[in-house]
C-alpha cells in the first residue's frame, strides 16, 4: 500500500498552544506527545494507544479472530456496554501498531480527501457499514483521530453523531478526540460540554486533554473558563504540568492580568514543577506588551542563570518590546547577546529590529541592520523596504551622499518585483531633483504615472521646475501632457513655470499654446507670453 503524507506528529497539539512571541510558537513539546502521535512505515499509519489519552478506559472482555475485507485479519475486540478498568500490563494489547497492521487508514483518508466535501461523509459511512460486525471502538477512534489530524473536523463531528449506528459506545479516547476536535474548531465551549459528558460516563481526562482545553479558552480570551477547567484538574487529582501552567500564564498576559501571571510564575517555582524557557518567554512577552521590557530582560537573565537556553522567540520578544517603547537601539544589545549565546537571529529578529528603528527615525541604524540582514541571506519584505527607501530619501536632503544608497535599495525593490508604494515614488523623485538628478526624477515620474499613481501637485511642480532650470522645457511640457492623460489638472504654478522658461528661450508660440491650454482648463496663469 502506498503511504501518504500527514501533518507533523505533534503539530495538532502544539498548534493549540498560545505563542510566547510575535509569531506562533508552541509553548510545549514534551510529554504532550502522548495525546496523539503517528509514525510512518512503508505500509501503515501507527497511533499511540488510547491508554495514553486518559487514566480510565473500557477493556475488552474477549477476543476473536475475524476477517474483514477492509481491515484484514485481526483480533476483533468485543467491548461490553459497561467498560471495565484496564490493567497496566494489558494496555499494550490495544496498541494500534499491533492490532491493526493492515487497517487501511491511510488509503481511507486519501480517498476521502480526494472527494468533494459533500461526498466525504457518504463515502466513509459506506466503508464503515461494510465493517459492521468487524469494527470496534478502537478502530473507530483511529478513523476519527486520523481525520482530526487531517483537519477534517466537520467530518469528525458527523461521524461521531452516528456512532450508535454501529452499536459502539464511546470510550475515554473517543471523548478526548472530540474535545480536541472542538478546540481545533475554536469552540472550547462545546469541548467543555464533551468533557462534562465524559466525566459523567465515569472517565477521567488526563493532563494533556485538559491542557488543550485550557489553552483553547485562553486563546479565545476566556480566562475565567480556563481557570474553571484548571479547578477540575485539582478536583479529580490530575496534576498540572509545566505546559498547563504555560497556557495559563499566556492566557493571563493576553487579557492584561500581568501581576496575576507573575504571581503564578512565582508560585510555580515553589512547587516540584520546574519552569522551562517557554514559561519565561510567556512572562517576558506579557511584560513587553505593557511597556516593562527592562523587567523582561531581568527574567531573561534569570532564565540563563538557571541554565535554560533562550531561543530566537525569547529574544524576539525583547526586540519587539524595546521597539514598541521607542527604544529600538537597545535591540543592538539583544542582537549581540543572541550571537554570544549561539542563537542566530532569524528573519523575525531582523525585521522586528529594522521596523522599530525606522519607526523611530533611526534610519542610518536601520540601514546597518538591513545590510546585515541581507548579508546573512535573509531578504527584507516589501513593507520594510518601502519604509527604508522613504527614510533614506528624507535623510538625503541634508546628507546628499545617501541619495545613491536610497536609489540602490529602490532599484533592488523593483528587481525583486515588490510593489513600490506611491509615497515611496514621491520621496525618490523629490530626493533626485534635490540632488539635481533631473533625468532620473523625470523617468521615475513617468513610471509612477504609468503605474496608475497620481502624483501630488507639489511633486509635479518640483519636477517641472527642475527641468525648466536645466533648460529641458520639452521634457517639462511632456510632464504637463502626462497630467492631461490621467485627468489631472495642473496648478497655476505648473503653467507659470513653463511659460516663464518658454519666454526665456524666446519660444513665444509655445508660450501662447501653454497659456491657451491653461485658459481652456479654467486656470489663469500669472505669467503671460512675451510679445
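Backbone N, Cα and C define each Cβ position, glycine as well.
Database features, via TrEMBL:
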REPEAT    171-205  repeat 'PPR'
REPEAT    206-240  repeat 'PPR'
REPEAT    241-275  repeat 'PPR'
REPEAT    276-310  repeat 'PPR'
REPEAT    311-345  repeat 'PPR'
REPEAT    346-380  repeat 'PPR'
DOMAIN    365-479  domain 'PROP1-like PPR'
REPEAT    381-420  repeat 'PPR'
Averaged pLDDT, computed only over the residues in the repeat 'PPR' (276-310): 96
Chain residues in Cβ proximity to the repeat 'PPR' (276-310) (below 8 Å; excluding those fewer than six residues from its ends, i.e. six or more beyond): 18, 20-21, 27-28, 242, 245-246, 249-250, 252-253, 256, 258, 261-262, 265, 268, 317-318, 320-322, 324-325, 327, 330, 341, 343
Secondary structure tally of the repeat 'PPR' (206-240) (DSSP, helix then strand then coil): 26 helix, 0 strand, 9 coil
Outside the repeat 'PPR' (311-345), six or more residues from its ends: residues with CB under 8 Å to it: 19-23, 25, 277, 280-281, 284-285, 287-289, 291-293, 296-297, 300, 303-304, 352-353, 355-357, 359-360, 362, 365, 376
The repeat 'PPR' (346-380) - residue tally per DSSP class, helix then strand then coil: 26 helix, 0 strand, 9 coil
